[in-house]
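Marked as transmembrane segment by TrEMBL: 7-26, 46-72, 84-104, 110-132, 162-180, 186-204. Summarising the annotation, TrEMBL assigns domain 'DUF1648' to 14-60.
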Amino acid sequence: MKINKEKVILTSFVILLPVLVGIVYWPQLPDTIATHFDFNGNANGFTSKTITVFGLPLFLLGLHLLCLYLTSYDPKSRNISPKIASLIYWIVPLVSLWVMAAIYSPFFGLLLNPMLLSGLLLGCLAMGFGNYMPKMRQNYSIGIRLPWTLDDEENWNKTHRLAGKIWVICGFMIFVEGFIQILFPYVLAVLLAVMVLVPAVYSFRLNRLKKGGSNE
């Protein structure tokens with residue numbers, strides 16, 4: 001995947017937007033800010049104002065640039081489609097806006113529901129990613145990267161066709177769960193486990209069946 005400098009600048013700016021908000025409202029912000037919340041919206045973790053305003057966005061920026069750098073040096077990066085590349089560019093910026101919106105919202109008189117925010121963000125990301133999974137070609141950066149999928153293109157294709165359906169269905173369920181919020185942490189944990197484990201087990205089984213057939 002060739003690095004697009006314009007996209008890097010734009011997405012980096014989006015990640016750092018919360019820094020500008022923090023600077024503008026610096027006098028109104030307390031010395032310690034709630035940066036972690038339970039699923040009921042209660043603060044259970046606090047960080048200094050300096051770390052919150054500058055440290056968190058800069059950490060996310062570093063993570064963003066590292067992901068882009070590693071992806072660009074993937075030996076099979078040419079197999080990454082433009083749409084998947086766009087997802088790679090925008091995942092961390094979206095997370096940055098989501099995290100900082102949740103942190104700053106109380107100071108603007110807004111009470112954002114963390115379960116609703118989590119459901120919307122994770123659900124949309126899962127559905128969007130799942131929609132493109134069947135179109136993914138083999139690469140070392142993104143997708144179901146197991147020894148069997150990376151060694152066998154047929155295994156990769158079948159695994160990602162199944163994973164795409166599972167991710168879209170589970171993503172929709174996470175999205176809806178964000179609104180109804182019935183046992184949200186447990187439902188989310190189960191759905192995420194299904195999204196990861198079912199494709200992995202399916203891929204492993206395909207590999208075993210193929211090896212068993214070739215040994216006969």
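Just so you know, glycine gets a Cβ as well, placed from its N, Cα and C.
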Residues in the domain 'DUF1648' (14-60) grouped by DSSP into helix, strand and remaining coil: 26 helix, 12 strand, 9 coil
Within-chain partners of the transmembrane segment (162-180) [C-beta distance under 8 Å, separation at least 6 from its ends]: 115-120, 122-134, 144, 187-188, 191-192, 194-195, 198-199, 202
Within-chain partners of the transmembrane segment (110-132) [C-beta distance under 8 Å, separation at least 6 from its ends]: 37-39, 41, 81, 83-84, 87, 91, 94-95, 98, 101-102, 163-179, 181, 184, 188, 195
